[in-house]
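Quick look at what TrEMBL lists:
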type     : residues  : note
DOMAIN   : B:64-253  : domain 'ABC transmembrane type-1'
TRANSMEM : B:9-33    : transmembrane segment
TRANSMEM : B:68-90   : transmembrane segment
TRANSMEM : B:102-123 : transmembrane segment
TRANSMEM : B:135-156 : transmembrane segment
TRANSMEM : B:177-200 : transmembrane segment
TRANSMEM : B:234-256 : transmembrane segment
Amino acid sequence: MDALNRTLDIVWPARMMPYTGWALLMPALLLVGLLVLGLFQMADSSLHTLDRSTFLPSENYTLENYRTVVENATYGKIIWRSVLGAVLTVFFTLLLALPYSYIMVRTSSSAVRKVLLVTLFLPFFIGQVVRAYGLLIILGTTGVANNALGLVGVEPIRLLFNFPAVVFGLVQYMLPFAVLMLAPALTAIPRETETAAASLGANWLQSFRHVVIPMAKPGLIGAGLVVGTLALTDFAMPAMLGGGSQDFIANAIYDQFFRTADQGLGAALALMLVVLGSVFVAIVISIFGAGTLGMGGKK
Amino acid sequence: MTAVSQRFLFWTIVWFCILILSVPTIIVVGASFTTANMISFPPEGFTFRWYEKIALARDLQQAFIRSLFVSTVCLIVSVPIGTLAGLALARFRIRFANLVQVYLLLPFTIPLIGSGIGMMLIFGEWRILGSLWPIGVALAVINLPFIIWSVSSAAGALDSDLELAASSCGAGRFETFWYVTLPGVMPGVITGGLLMFVLAMSEFLVSLLLTDARTVTLPVQIYNNIRSIITPDLAAVSSVFVVIALFAVWLLDRLVGLEIFLKSK
């Protein structure tokens, strides 16, 4: 131990103390730097078009790829579909997440609370592929949903490989995120405010609309933006539940890299998505501050 | 206290949520015991046949071992780096701390497809694409905020007088760190490590971008097989993830208590 102390005194003498914080941060800064490097590499790729005769990226720098994305109607359609999917997902997810977190926070039974929490965390750890697989089995033509419909005399219908199936999958995927972001916001609302509203003659709908929702607004906006960004950039749900006919932006990017091997165009699309996502995030941070995730023990 | 109509409406929605969150999992586990060759509902009979089949399938076995390897690399990279960064954020006055936080949150704010493609290009440039360990590093990068967050909240709860007491009793800086600070934040380190490992096990999109036929990991293998056909042995593989998740939730509850996520900041 003494030897270690002495070594530390030599390599990091006490007068260096003011920089200790930065020294401890350095490995993390470098590791995340990998992402920044990746962005630069992407930007570089996006400025070269694919030469169709040699299948190599062109030598000279050009904005051609960005023009293709903007002018090509296919991408317009895909971007529109992603944005619409994200908006619908946010709406339905919040609609479900608000009562769920409300009950979870306000229930007096700790057993109920535990069950509700476990129900949320389990899917979070199971992973997206397995969850999408479960939904595939349920929604398939011979699946549970259709069998249930069959019992009440409804003919088997195609529940998979369409836009609503993708949105449903996204809502199911985002629900735990939304609830976990909303719950702390609801915890912060004192129970007494609602009691006060009720004693002044408000029914529950009124007190919910005029007391709970306004007070939970930061949480609602935060959850909405996070869910929106994740849904907008999702790959697995459109790929698995959309069956290739319901591509989102991420699927289009993947196809450019792995099917048509047009790196430049794919990189341009990816970079535009990063910018779009960053705009959302900038809004979140400017509303809530950078400590949104509670990093740093701010006292 | 609450009105009957409110209770009824809210509990209906809660039950609907429970249904859509847990039925897919139950169905997958149920389907893995079916005796039929195709997945059918309700499952016919009961058999462990598919588990025997996957235990003998070489490609699945190897994909599973690769997943374990990748997650271990992710753990080895992320735990020391994340712990130091978490301590730095909670324990030291850092200039531009806000900027540093925004930067360290980049893994969450850059869409996964963007991070994945970026690292794929970088790894390609460095000629390490196609090896297994870079995937572990990549997964450490994209989930790093989780461990920084869990360590820094543990360090925030630790009384800094303890460290002062240790050093006034003659402990050197290293001893103070090793015997006081580190044990104090250990719960945060373990929680963070657990999150990193389990999330790396089930991560899909970045793994899909960085793997090829020789380095495919288990979630990617499941995805590839689903594309062709849905069979009960795939449900059996998926059940492996359900078991891992159950264990992780149990451990997380024992270590920090799930209720911690309800606390308002």
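For all residues, glycine too, the Cβ spot is worked out from N, Cα and C.
Contact count against the transmembrane segment (B:135-156) (Cβ pairs under 8 Å) is highest for B:68-90, out of B:9-33, B:68-90, B:102-123, B:234-256. Contact counts against the transmembrane segment (B:9-33), taken as Cβ pairs under 8 Å, peak for B:234-256 among the stretches B:68-90, B:102-123, B:177-200, B:234-256. Only pairs six or more apart in sequence are counted, and the transmembrane segment (B:177-200) with the transmembrane segment (B:234-256) gives three or more Cβ pairs under 8 Å, enough to call it a contact.
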